[in-house]
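Peer 1: Below are the features I grabbed from Swiss-Prot:
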ACT_SITE  ARG70  active site
ACT_SITE  TYR74  active site
ACT_SITE  TYR96  active site
BINDING   TYR96, HIS98, VAL101, ALA128, GLN170, GLY208, SER239, THR240  S-adenosyl-L-methionine binding site
MOD_RES   THR399  N-methylthreonine
MOD_RES   THR400  N-methylthreonine
MOD_RES   ILE401  N-methylisoleucine
MOD_RES   VAL402  N-methylvaline
MOD_RES   VAL403  N-methylvaline
MOD_RES   ILE404  N-methylisoleucine
MOD_RES   VAL405  N-methylvaline
MOD_RES   HIS406  N-methylhistidine
REGION    1-246  region 'Methyltransferase domain'
REGION    247-370  region 'Clasp domain'
REGION    371-393  region 'Precursor leader'
Amino acid sequence: MATTKTGSLTIAGSGIASVAHITLEVLSYLQEADKIYYAIVDPVTEAFIQDKSKGRCFDLRVYYDKDKMRSETYVQMSEVMLRDVRSGYNVLAIFYGHPGVFVCPTHRAISIARSEGYTAKMLPGVSAEDYMFSDIGFDPAVPGCMTQEATSLLIYNKQLDPSVHNIIWQVGSVGVDNMVFDNKQFHLLVDHLERDFGSIHKVIHYVGAIMPQSATVMDEYTISDLRKEDVVKKFTTTSTLYIPPREIAPVDQRIMQALEFSGNGDRYMALSQLRGVHARNSGLCAYGPAEQAAVDKLDHHTPPDDYEVLRASPAIRRFTEDLALKPDLRSRYKEDPLSVLDAIPGLTSQEKFALSFDKPGPVYKVMRATPAAIAAGQEHSLDEIAGSADSESPGALATTIVVIVHI
């Protein structure tokens, strides 16, 4: 539905680590919003939000209550934000972690706002899962990863795959539909884990550090340990459970042949091992023959002839940074690029022309050049810049990253 009304809704994530995970993008919206709602867990972030905002702030946690169904709370959280949107305000709501991961009122509010003709969007934040990838040290792509919510896992009797990483969220609120977290049903989750992994398989109880004074929790237990009363007490609403792979999935030789991977897929396996070399207790060799050969070439490396470096005036550097961080400027630019650009001093004619398209291709084209072209004073022609308007590619680096991820 086309947006026709003046109010807007932006949902953002504060990340996990207090203040440190708030992105520059979120900060820019915080400084420009008319009304700010938040549902976060630590007072430092709350103080930061209040100090950096210009609009009225409201704590959504006030709608939680031990005697209320959480579903009722989530509807109320959504509705109070929507009321201000309907009144024509630009509303920002900041939620702990990633605002779209295991969060109900955010998706509800965005869906309703859009259905009523308002502009609504979500800005990402660091989730517990992102934090876990860094702290525990594993790549979800190798050999794959499944993410489940604890209660949903049990209700739908989902089978966990022992050949991939398994992440189970909200293990400290199994079967809870209010705000009473007593771990009474935790044993049902342990039953399920024993069925799929056995009692001696090791798992990690994970809680990412929130406050500057906090310490990250990465406690390792066997699944049978999870039945011990003193262990169960350690699981809270911020707990996540990581279950490492128990076995290696068999290779499908028919597909290997179709992909033209030789033998047992050595080329793919080498890449997979390189991705997973930092995983805990992986046992992988960081400097095998292939890795060492790559290292040996470093001292003799020369950039290819088509390698491009940054070539940008101070004006385009400032403007593109402001465009990324200032929502109001971005809105005005998208409505009428030329009128905004006319007010920016210092842009070269090529830079202004490239920016006038409001397309990424011309900007990439004009802000990079080979060292040889720079030394010779060569500039891209206007036709070359215009010809890149249909390109979304940021160049070889991003293309290479995509190929590596999907190989």
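Just so you know, glycine gets a Cβ as well, placed from its N, Cα and C.
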Peer 1: Distance check, please: Cα of HIS98 (S-adenosyl-L-methionine binding site) against Cα of ARG70 (active site), rounded to an integer number of angstrom.
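Peer 2: Taking the Cα atoms only, HIS98 (S-adenosyl-L-methionine binding site) lies 19 Å from ARG70 (active site).
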Peer 1: In the same chain, which residue numbers or ranges, 6 or more beyond the ends of the region 'Precursor leader' (371-393), come under 8 angstroms Cβ to Cβ?
Peer 2: 305, 307, 309, 311, 350, 353-354, 357, 359-362, 364-365, 399
Peer 1: Please average pLDDT over the region 'Clasp domain' (247-370) for the predicted structure.
Peer 2: 79
Peer 1: Could you give me the DSSP helix, strand and coil counts for the region 'Precursor leader' (371-393)?
Peer 2: 11 helix, 0 strand, 12 coil
Peer 1: Look at the binding-site residues SER239, THR240 and tell me which residue has the greatest number of other C-beta atoms within 10 angstroms of its C-beta.
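Peer 2: Compared across SER239, THR240, the most Cβ atoms within 10 Å surround THR240.
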Peer 1: For TYR74 (active site), which residues in the same chain are close in space, meaning a Cβ under 8 Å from its Cβ, but six or more apart along the sequence?
Peer 2: CYS104, PRO105, ARG108
Peer 1: What does DSSP say about THR240 (S-adenosyl-L-methionine binding site): helix, strand or coil?
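Peer 2: Going by the DSSP assignment, THR240 (S-adenosyl-L-methionine binding site) falls within a strand, counted as strand.
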